[in-house]
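Asker: The following block contains the structure, expressed as structure tokens.
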Amino acid sequence: MEPRKTSIYNTIDMAPQLEYYANTLPHQEIKIRPSLDVLRKTFEVSFPPVEKNISLLSFFLTLQLMRCMLNIWGVILFLRLTWITSQAGIVLGLVIIALAVSVTTTTALSISAIATNGESGTYFMISRTLGPELGASIGLIFSLANALAVALHTVGFSEVVRDLMRSYGTIMVDSLNDVRIIGVVTVTILLFITFGGMDWEAKAQIFFFIVLMASFVDYLVGTLIPPTPLKKSQGFFGYDRDIFIENLTPSWRGPDGNFFRQFAIFFPACTGILSGANISGDLKDPSTAIPKGTLMAIFCTTLSYVVIVITSGASTVRDASGNMTDLMTGNSTSGCLGPACKLGWNFTTCVQSQTCSQGLANYSQVMGLISGSYYLIVAGVFAATLSSALGFLVSAPKIFQCLCKDNVYPYISFFGKGYGKNNEPLRGYILTYLIAVAIILVAQLNIIAPIISNFFLCSYCLINLSCFHASIVNSPGWRPAFKYYNKWTALYGAMASFALMFAFTWWAALGTWFVISLLFIYITYFKRPNVNWGSSIQASSYNMALSFSVSLTDVKDHVKNFRPQCLVMTGPPKQRPALVDFVGCFTKQVSLMICGNIIMEPDKQTQFQDSTDQYVKWLNKRKVRSFYTQFTADTLRDGVRYLMQASGLGKLKPNTLVIGFKSKWMESSPTTYHFFHTLCVLRIWSNLYDNTYLLLFAANDISENSDQVKTVFKNAGGTKTIDVYWIADDGGLIVLVPYLLTRRKRWRSCKIRVFILGDEENMKESRDAMMALLKRFRINVTDVVVMTDTERSPQPKNMNKFLESVAPYRLYDEQQEGVSVQELKKKEPWKISDKQFEAFRLKSERKVRLNEIIRRNSQNTTLVLVSLPVAHGDCPSALYIAWLDALTCGLHCPAVLVRGNQENVLTFYCQ
């Protein structure tokens, strides 16, 4: 028990504690600091003492070293290393060891760096660094590699047991099936040991380590004992200069007789370096134990490999018969082949007939031959193979359990369920057991070893890549306590591992990376897990975005690269889905889109309770690529003004303002109406935003507060047309928008029609000129229609309807009693005086007439775009909004009013 540590400022203001920083670890209870609001409002309180939870299960550096050495030493050490020496020779054998160790050492340095950057196992190292896209897939590959390693070492054990049985004349079926039977029985026994939990497994590993060290000492002692005649007949003569020189160079034999094949067979002897990292959660101090234990284990095991290659190559010939009759009785060596001739033995007959059964090249248990006690070496083989098999049988399910708990892939969570106080993955043990049994049935080490090497190399490649990537992106969160690593050595490890995969077994390498690619595509484009691991991929994305954004500031704007970067005044986006969908259609993967929400002071308390994250999630779920930003202001007008100036970054700033048209504008109260219309009227901002384009969206069939999920812009446009009423030349934005729309899949079949003003006398010339212009702009339109009747008077019923809409906002001179119109205008500036109404009567009639033409020509279109009229400085806002309503009323499709800033957004020049 210990008292809770608090700050001297306040008893609930905590001093720095580990618990508040551990909430980023997986599957741990989150502890949250008191908020600033709580600190301001809460009085001093006292806390009772709390219990300090200490884990009962802890391992020390010695256990980490022992576990790594046991997993590195294995079947290859006793059954294949001397054979590899005979094939590659001492020199190339040492080169193979050096290359393998260079890969494992660089990987160990990367492991140490990543492990000391946080508490985690191998899977968490990779996944939390590379993210779920690559991390989850390599976690699956790595757990499979561990399961296959169980089979490799079990088969090695079975071969030794089979040979022992045959030496006593016991054969169950035949050579191959005996290995299968023994292997299945052995892995079944190991499975029941793992069911006993980590305590049983740890005790078994300690016993195996003692036996293994004793067998290694026995081997070294055996090299110094003068050999018996029987051992000489089997090829062991003790240290000899001629034998050493003969075995320096390679002697490739059989289908495995090449450098990379021997390298592939040897490499599993170096693959136990992650055993400590796999159980880092059980270590008392992983940040110290993993680097020291892993690197010391690599040094010790590498030294043992070098000693065995040199000692066996200096004392044993490649070919021997095992027959005592090959002892030479005379001094003549005529016709005798090999270094054994000078030592009194003639193995020429079996060498020439290729029937030799003994020697480095033919006998897999040369270490037992050289040793002082053959049975102690056999015990060492049992210890090495069983300890490695047991270690991998424990680590594979634990890695897979972590992957299952992340719930990245479907249908695998069943195997992640833990049992008992140590959360043992019993179902994972059974799955690993079944995979191991399937591979044991192959029963051939030389086939299994290269495949396992492929999977481990893939894992090492990704681990080194994780370390290199985390180092290169300079993330502030990358602070490993282990300093003896370098990003370039990590890159070497990644590249070497990748190259060796294809050098060993190219078809297995292709298959592995193909599977990883499929899993990557699945996670990236289909699954999209809702996780945030703070990976180096995220840090890299930030660096790239920042770098490109800064570099853009030096790039001058060019008309060829113009993109409509839209600030869309959606409010809460889910309240105006049609507006969001419309802009998303032509900005997705093309340009910037920002959804803006102005929060008034009266709504501040209620609206700020809704998190910004939920709106971003809504946009992502709707597959709209947009930012969301909210701004607090006293008025809507001020909020939009400030948001236009503050939003964006560098060149990534809005140049196009998109707002929704309020269909029921006449029902609004004068105050709300005033604010709304000052937002919509272009004249308010004409001096402020000379470089801003305006898109006014009017969808008469969509309510501004609609919560519907599907809008007209989520449906396919079909083969209908998009009608563009290019009334005023503002730079071409009104033509660019429909072109961008038709690049989308839903709108690809739509045809564009352009309507322009003209007269009957020059109709053909006007049409041909516009067609030529659009052709030079490389915008494909199906037709250009010249409107020759726009100056006719509108129908009386339509004009009367317009007059009725503005009547509530008229200031009739004859109705005023003692109050001047000027005083009323100051009080209600949005209203229309008789003088203003008459001054703009012709413009009003033109808007009504244009609406009649639009309704006549565009009743069955998908979308209508109309040039937005520019309001005169003296035009009242009520009259202007009535014009916009008159332009778009009566249509059965969405209408967009577009106005550029009189600068070109289209060009037909190359420069």
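From the backbone N, Cα and C atoms, a Cβ is placed for every residue, glycine too.
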Asker: If TrEMBL is the reference, give me the range from 179-198, 579-598, 679-698 marked as transmembrane segment.
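Answerer: Checked against TrEMBL: transmembrane segment maps to 179-198.
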Asker: For which of the residue intervals 374-394, 878-898 does TrEMBL record transmembrane segment?
Answerer: 374-394
Asker: In the domain 'SLC12A transporter C-terminal' (576-671), how many residues does DSSP call helix, how many strand, and how many coil?
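Answerer: Summed over the domain 'SLC12A transporter C-terminal' (576-671), the classes give 44 helix, 22 strand, 30 coil.
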Asker: Taking every residue in the domain 'Amino acid permease N-terminal' (6-42), what is their average pLDDT?
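Answerer: Result for the domain 'Amino acid permease N-terminal' (6-42): average pLDDT 57.
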